[in-house]
Amino acid sequence: MSQIDNPPVSRGRIDIIDIARAVALFAMVIYHFTWDLEFFNYVERGLTGHGGWRIFARAIASSFLFLVGVSLVLANGRGIRWQPVGKRLLQVVAGALAITVATYFATPNSFVYFGILHHIAVASVLGLLFLRLPWFVTAALAIAVVALRSFVATPLLDPKWLNWIGLFQTPPLSNDFVPMFPFFGAVLAGIAAARLAVDHGWVARMRTWNPGLAPFSPLAAIGRHSLLFYLLHQPILFGLVFVFAQIAPADRTAVFRADCQRSCIAERDAAFCERYCGCAERELQRRDLFDVLMGGDPSETQMTAIRDVTRECSFRSE
């Protein structure tokens, strides 16, 4: 392609992008700290997987992936730089494997096998295929990738070795799951946005903002070392909450009762919920399932047994 079709991208860091990456990292710190509090029963069970917290998590993942797309264009605007791309890819793959191994030992029933870093590794390769497309074509593809998940789902893609594609029917159990559909759409959106910015000369203009952003240089530095920050922040947070939990452990019984009442009262009357939650607590304790449930990582067999308890107690409480 000619220089007219693909204007060159000038070299040099763009601080506003590094700062945006750092803001996304700190948003992730907030989410992961809340997840840790939930894991150790200091906040209600399921808090981070529903409602606003779930939207928050998806927004964080999407922002990271959008910036991946932007960075692919800025780093390879004059042609794919295979050596830096390969070096960065190896770093991301190593980080992803480290997370898989660590979470497999920490939470074997919900370990991370295709989280944000795994997605970034795959997207960093696939994204190269879209760098020379007109921005509006890539933008249309981004919309299609996001929309397809709403219309296509098949049990054929339920197995763990296939569900990372994202068109599964049964949601997998994993502490961090960022499938290609719909999230690769965020990468394509970033590529389209950066391609548009390059075509209109906005990239060079953003670089002129660097001197005015000097007060935010600590954030920019964090954004430039985002992989290291990502790999370190959760072990540190988890370790701190773990230590605190040994000193002042949460009252699991109180947490269970509050969570049970909260979920039950939305559908049934108070008298039923009192009977049901009392029954569930007693039966879970009797069958040695209470600590398993509150520990946050039950196996499929244990989850089946827990569901049996809920059905039995619902029947008894009528």
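All positions are counted from 1 along the displayed chain.
Every residue gets a Cβ built from N, Cα and C, even glycine.
Quick caveat, the model's predicted, so the values are computed rather than measured.
Feature annotation from TrEMBL assigns domain 'Heparan-alpha-glucosaminide N-acetyltransferase catalytic' to 13-235.
Long-range neighbours of the transmembrane segment (16-35) within the same chain, counting only residues 6 or more positions beyond its ends whose Cβ lies under 8 Å from a Cβ of the stretch, are 43, 47-48, 53, 56-57, 59-60, 63-64, 67, 70-71, 74, 175, 206, 209, 213, 216, 219-224, 226, 229-230, 233-234, 237-238, 241. Look at TrEMBL and you will find 16-35 (among others) tagged as transmembrane segment.
Annotation source TrEMBL lists transmembrane segment at 55-77 (among others).
TrEMBL lists 89-106 (among others) with the feature transmembrane segment.
Residues or ranges marked as transmembrane segment by TrEMBL: 112-131 (among others). Through the fold, the transmembrane segment (112-131) approaches residues 61, 64-65, 68-69, 72-73, 76-77, 80, 85, 88-89, 92-93, 95-96, 99-100, 103, 138, 141, 160, 163-164, 174-180, 183-184, 187-188, 191, 195, 230 of its own chain, all at least 6 residues removed from its boundaries and within a Cβ separation under 8 Å.
Non-local neighbours of the transmembrane segment (136-157) in the same chain are 130, 163, 165-170, 180-182, 184-186, 188-189, 191-192, 195; each lies 6+ residues outside the stretch with a CB under 8 Å from one of its CB atoms. Summarising the annotation, TrEMBL assigns transmembrane segment to 136-157 (among others).
Positions annotated as transmembrane segment by TrEMBL: 177-198 (among others).
Feature annotation from TrEMBL assigns transmembrane segment to 227-248 (among others).
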